[in-house]
Amino acid sequence: MAHQSLDDPKTSLLPIHDDHQIQQSPPPSPSSLVNSILTPNNFYIILGPLLCGLICLCVKLEGPPSSRNMLAVLVWVFEWWVTEAVPMPITSMSPLFLFPLFGISSADSVAHSYMDDVIALVLGSFILALAVEHYNIHRRLALNITMLFCGEPLNPPMLLLGICATTAFVSMWMHNVAAAMMMMPVATGILQNLPEGPTQSPLVRKFCKAVVLGVIYSAAVGGMSTLTGTGVNLILVGMWKSYFPEANPVTFSTWFFFGFPLALVIFFAVWVILCFLYCSRGSGQALSQYLDKSHLRRELQLLGPMAFAEKAILAVFGMLIALWMTRRITDDTPGWGALFNGRAGDGTASVLMATLLFIIPNKKQKGEKLMDWNKCKKLPWNIVLLLGAGFAIADGVRTSGLADVLSRALDFLESAPYLAIAPTVCLISSIITEFTSNNSTTTLLVPLLIQIAKTMHVHPLLLMVPGAIGAQFSFLLPTGTPSNIVGFSTGHIDIPDMIKTGLPLKITGTAALSVLMPTLGVYVFGTNEEVLWPETLVQL
């Protein structure tokens, strides 16, 4: 029987038990059954639909019935997101059944939000990021740049600059949470050479705090500079495309020309603040006996020479960046996208380059490619589904009429002076994002800002961009973003450290955005030009 095939009809596919061997387990007592049902998690599960029902029955809005239904669904989804009563990816799929059932939009319309060019851009980028991680390219890059900045004798501010710059650069090309998770082991690996516990001097302890804070803040700042760096930027671009399909799209290169200068200013603010607070005089002498270039050189030697697979992945990554930057250069200088009559998007290039990884051999084993599907099992589908839910909610808020209703709560912005628009919106967004996720803040706030922009008769990007950027200024609390949790879990920092560093950083970021949005933003986004408002907003 042990060698009998499963195809043999005489072989039982289910285990056979002797009746006398089966031991009857005692039935659960009523009290244990009640305790298993009356749990906080089950309460939060029921709370979502309960709040939804109460809003549908008791709330009356000055708008169509679909606006009230959209508000009810929004409360349901956000309650599940905030409490995590249901796993976040599953909650992110709930608009697929809630929107049709509540008459907000059709099933096909909602499903379209979960797969478009922006989602394709994310998928391709994540596959490339997994390839970089699999072949330890990020670690090699980190060690090389850190050695470059280390200095001899040891210069702590320059070493900190090297770690932060590496993290920001990595975060530009992959999700900032993934960048923080990849770079934190590299940073803490350097700190492992330093003494711990009672023998650790205050100067060493301060430097450890600076390194960990530098990684989490640099990951956030680096992610601001490109579309692929964070989900917030992708949500913004997706909403712009959804609300204004006839307007010039915000491409990878368009965002980079604005996001990179802004990120550069905030990055140097991060470094200056960390050096001022944590790199005291004498820290170089205190660290030099534990940390020098010889350690970094040994770590690099352990990785060995760069193999063909690593070079091939870097080449593919370089080609992808070139394609992103040249798809659409300016109105007068069309990029390669013009060859395809504008049908190709940034997602087209992203998936194309990711596909090459499954074709190019890695020259390690015969027939083995740079990537295979088993390596892609770590794809963060939760982020993909969250983006899709964000796009679906934004579309539902617009088409249901809820945007017009909710925008009245922010009517005070209509009287704000032109130059005060960016800092006011950024400040509101940056406060909200400390208590909700960056993506959730953007998903909720940006549709309202679009409606307010129409009422104020200003270009919608003048409000949308500060709202999205402000949602990334979650610098004060560990729960503000998963990147903060990654740093907090190391044990080197606590909440007062984050507040002491994050508050001046938030102020600096808001000030930088206030200067760049009405100056550089006008040139990059064309905010001084007329925009064709969609009929749904005009009718509202």
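In case you wondered, yes, glycine gets a Cβ from its N, Cα and C as well.
Marked as transmembrane segment by TrEMBL: 42-59 (among others).
The feature transmembrane segment is assigned by TrEMBL to 118-137 (among others). Counting residues 6+ beyond its ends, the transmembrane segment (118-137) has Cβ neighbours under 8 Å at 173-175, 178, 182, 227-228, 231, 234, 237-238, 241, 303, 307, 309-310, 313-314, 316-317, 320, 345-354, 357, 370-371, 375-376, 378-380, 383-384, 387-388, 391 in the same chain.
What TrEMBL records for 157-174 (among others) is transmembrane segment.
Look at TrEMBL and you will find 210-235 (among others) tagged as transmembrane segment. Same-chain neighbours of the transmembrane segment (210-235): 118, 121-122, 125, 156, 160, 163-165, 167-177, 179-180, 183-184, 187-188, 190-191, 252, 255-256, 259-260, 262-264, 266-267, 270-271, 274-275, 277-279, 346, 383, 386-387, 390-391, 394, 438-439, 442-443, 446, 468-469, 471-472, 474-475, 481, 483-484, 486-487, 490, 492-493, 497-498, 501-502, 505, counting only residues six or more beyond its ends whose CB sits under 8 Å from a CB of the stretch.
Under the heading transmembrane segment, TrEMBL lists 255-279 (among others). Listed as Cβ neighbours of the transmembrane segment (255-279) (distance under 8 Å, sequence separation of 6 or more from its ends, same chain) are residues 156-157, 160-161, 164-165, 168, 206-207, 209-210, 213-214, 217-218, 221-222, 224-227, 233, 237, 325, 465, 469, 500-501, 504-505, 508-509, 512-513, 516, 520-521, 524-525.
Annotation source TrEMBL lists transmembrane segment at 300-324 (among others). Taking Cβ pairs closer than 8 Å, the transmembrane segment (300-324) reaches residues 124, 128, 131-132, 135-137, 139-140, 143-144, 147, 173, 251-253, 336, 346, 349-350, 352-353, 356-357, 360, 362-364, 370 in its own chain, all 6 or more past its ends.
According to TrEMBL, the transmembrane segment annotation covers 336-359 (among others). Proximity of distant same-chain residues to the transmembrane segment (336-359), defined by a Cβ-Cβ separation under 8 Å and at least 6 residues beyond the stretch ends, is recorded for 116-125, 127-128, 131, 227, 251-252, 313, 316-317, 319-320, 323-324, 326-328, 369-373.
Annotation comment: TrEMBL describes 379-397 (among others) as transmembrane segment. The list of residues near the transmembrane segment (379-397) in space but at least 6 beyond its ends in sequence, with Cβ under 8 angstroms from a Cβ of it, reads 70, 73-74, 77, 88-89, 91-96, 99, 104-105, 109-110, 113-116, 118-119, 122-123, 126-127, 130, 175, 178, 231, 234-235, 238-239, 242-243, 403, 406, 439, 442-444, 446-448.
Among the features that TrEMBL reports, transmembrane segment is placed at 417-437 (among others).
Under the heading transmembrane segment, TrEMBL lists 458-477 (among others).
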Surrounding residues of the transmembrane segment (417-437) on its own chain - C-beta under 8 Å, 6+ positions past either end: 78, 81-82, 444-445, 449, 458, 462-463, 465-474, 476-477, 479-481, 506, 509-511, 513-514, 517-518
Intrachain residues whose Cβ lies under 8 Å of the transmembrane segment (157-174), provided they are six or more past its termini: 125-126, 128-129, 132, 138, 141-142, 145-151, 180, 182-183, 186-187, 190, 207, 210-211, 214-215, 217-223, 225-226, 228-229, 263, 267, 270-271, 274-275, 279, 291, 317, 321
